[in-house]
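Trainee: One structure, as structure tokens, below. Some questions next.
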């Protein structure tokens, strides 16, 4: 923890430098960042699970305390307005005493609607950063989520500080423990629901604490890209298992996927081939490489795998150009990762917010930036038997290039996705996930 505290000190300095730069450019006095506030369910007296403003948790590992605020001018010690109501119905957050507390001035807010008393004078020259524009209006903010400020912050958020990298390594360590437990549960006959409970228990995090809804899919369900339905009974025949699940540490996310076959068969061989391909793509990563180009190269490598397994016929170039590989791999190669699972800034080419769209043929790619030092990205190629996409091939001449017998053999297994979390360094690539022992 002492090392993390030292890294946090440097982290805050970097964030202050960023704020100092952008408020100087925009002639602002500073930023007021709102953690957020609860959302009430319609016609009910309960709230949805609270999700903190990512710009707030970039500064502090305070992720479950709504109605809190940060006042930052880039030079003075940040002011944390920490919400601690008098409340006998709910758990009230403890007074901050962790390693980060000494780096901020703290004032306690007991009533959410009294925050104006703690905000700086001349509030119209401060920028509000947050979701609740109605609150910003009432408080007198005229600058609310300025595009220039958000673009600057989102662009630079891609470059992680050493503190952030340490947190993400820990988030991977936690998730790997869960993945190993989930794998054992699969081979021991657990249902999707039971596997998820094993995973959450192993990482000691609840469903509302993990960074995204976990995907735990058996058999054909593995072909549903964002499958979160969960079956409560085990299938009569156990064929395959795909788990896409992460963990949270100090507000930072891990995002890991693994695929398994219950028996040694063609599907197991296909997993091995995809695993090797994923590692090949990771080996191509270095500063200056286009992430979009990595995605395109993945399609060429996948085309060869489809040929090797007699899933399709033709040649690599033609399979890619005709869009056949996109039917089997319809999503993007991955995305930036950090305080959000799909971290902001993936489409920005500069700090002014210049947007670089995904290639027209690959609209679901979530990152088009050039790789640079201290960026963290996921690499997650996949191959799936998705009937709705295959049906499109049956409508034109491309159907003759599909070996439908092999497709029928693979259909009950669903699909494969293999995802690691990777740090780009100047002289190497750090695969946090594999370094922790979560291999094939």
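FYI, residue positions are counted from 1 along the chain as it appears here.
Every residue gets a Cβ built from N, Cα and C, even glycine.
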Trainee: Swiss-Prot has 244, 419 binding Mn(2+) 2. Which one of 255, 396, 408 is in the same site?
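Mentor: Answer, per Swiss-Prot (Mn(2+) 2 site with 244, 419), from 255, 396, 408: 255.
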Trainee: Given that Swiss-Prot lists 255, 380, 419 as binding Mn(2+) 1, which residue among 132, 156, 299, 335 does it place in the same site?
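Mentor: So the Mn(2+) 1 site in Swiss-Prot includes 255, 380, 419 plus, from the candidates 132, 156, 299, 335, 335.
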Trainee: With a 10 Å radius around each C-beta, find which of these binding-site residues (244, 380) has the fewest other C-beta atoms nearby.
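Mentor: If we count Cβ atoms within 10 Å for the binding-site residues 244, 380, the smallest count is at 380.
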Trainee: On a count of neighbouring CB atoms within 10 A, which of the binding-site residues 255, 419 is highest?
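Mentor: Top count of Cβ atoms within 10 Å goes to 255.
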Trainee: Give the three-state DSSP assignment (helix, strand or coil) for residue 335 (Mn(2+) 1 binding site).
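Mentor: Looking at the DSSP assignment, residue 335 (Mn(2+) 1 binding site) belongs to neither helix nor strand, so coil.
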Trainee: Within 10 Å of the Cβ of residue 335 (Mn(2+) 1 binding site), how many other Cβ atoms can be counted across all chains shown?
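Mentor: That number is 20.
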